[in-house]
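Report on the following structure.
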């Protein structure tokens, strides 16, 4: 794809007084330092998308059609599948454009919209995993009241609550980015738009963006993960109180798939944070690969 003319960006890049402003388009690198082998990358991403989309659609179809699966655990599983489809479809347009069609430019406003949806679905996933841990907690610690605690109305309220919380907390992000001038270029080191990546090319006062971003991460990932750990501490306590070893293993087995989903989601997030804080000299490709694992692996593994 031929890059747009440099001169076509000047009116968008510069205000009337010559100060830098938003670029008309942003350039997506894909994978830094990977000048060749994009065909292999395109094949890998297409396979990941196919597994994720087919797997999650299959779960949704099964739950809708099978009357025996109309239970709280499978309703939460359906929420997770819907959310994983949202994650996949949020990244799909620019990833396929970058690796399959070598079209590396995305409009500034389109980039902000994509950033909003990627982060919203990511934060929603954390909330759904918390709801699923609550489901396991009630099923194991208070099985006699399971049906009365997790009614269809409460499950719907929990789902709407997760959606509302994620939407409201992420809604200011595009506007906080939109107010900033961009004077450090227009090249992003991913094949999709993320808030931290945009902050690297923004100039002006980014303190509000960084502080609010930290608040949202702690308010979402920090609180959710703390409650997930608390749920499993109570579950472990209840399981250890069971006399029969066979019953203990049976109870723990009902949690294993959820534990794997939690680990697949949170381990890459923790790894990215550790690299960002303690390995500042890490090449950009390391950050990009960890972000790719964080966005592409859980939707594929969860089904």
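FYI, residue positions are counted from 1 along the chain as it appears here.
Any Cβ shown, glycine's included, is placed from N, Cα and C.
What TrEMBL lists as domain 'G-protein coupled receptors family 1 profile' is 55-303.
As annotated by TrEMBL, transmembrane segment applies to 40-64 (among others).
The feature transmembrane segment is assigned by TrEMBL to 85-106 (among others).
What TrEMBL lists as transmembrane segment is 112-134 (among others).
Residues annotated as transmembrane segment in TrEMBL: 155-177 (among others).
For 211-230 (among others), the entry in TrEMBL reads transmembrane segment.
Counting residues 6+ beyond its ends, the transmembrane segment (251-275) has Cβ neighbours under 8 Å at 80, 125-126, 129, 132-133, 136, 139-140, 221, 225, 228, 232, 235, 238-239, 242, 282, 286-287, 290-291, 293-294, 297-298, 301-302 in the same chain. Summarising the annotation, TrEMBL assigns transmembrane segment to 251-275 (among others).
When each of 40-64, 85-106, 112-134, 211-230 is scored by its Cβ pairs under 8 Å to the transmembrane segment (155-177), the top-ranked stretch turns out to be 112-134. Long-range Cβ contacts of the transmembrane segment (85-106) within its own chain (Cβ-Cβ under 8 Å, at least 6 residues beyond either end) map to 1, 3-4, 25-30, 38, 41-42, 45-46, 49, 52-53, 56-57, 114, 117-118, 121-122, 124-125, 191-193, 295-296, 298-299. Long-range contacts of the transmembrane segment (40-64) within the same chain: residues 30-31, 34, 70, 74-75, 77-78, 81-82, 84-85, 88, 92, 95-96, 99-100, 296-297, 299-300, 302-303, each at least 6 residues beyond the stretch ends and with a Cβ under 8 Å from a Cβ of the stretch.
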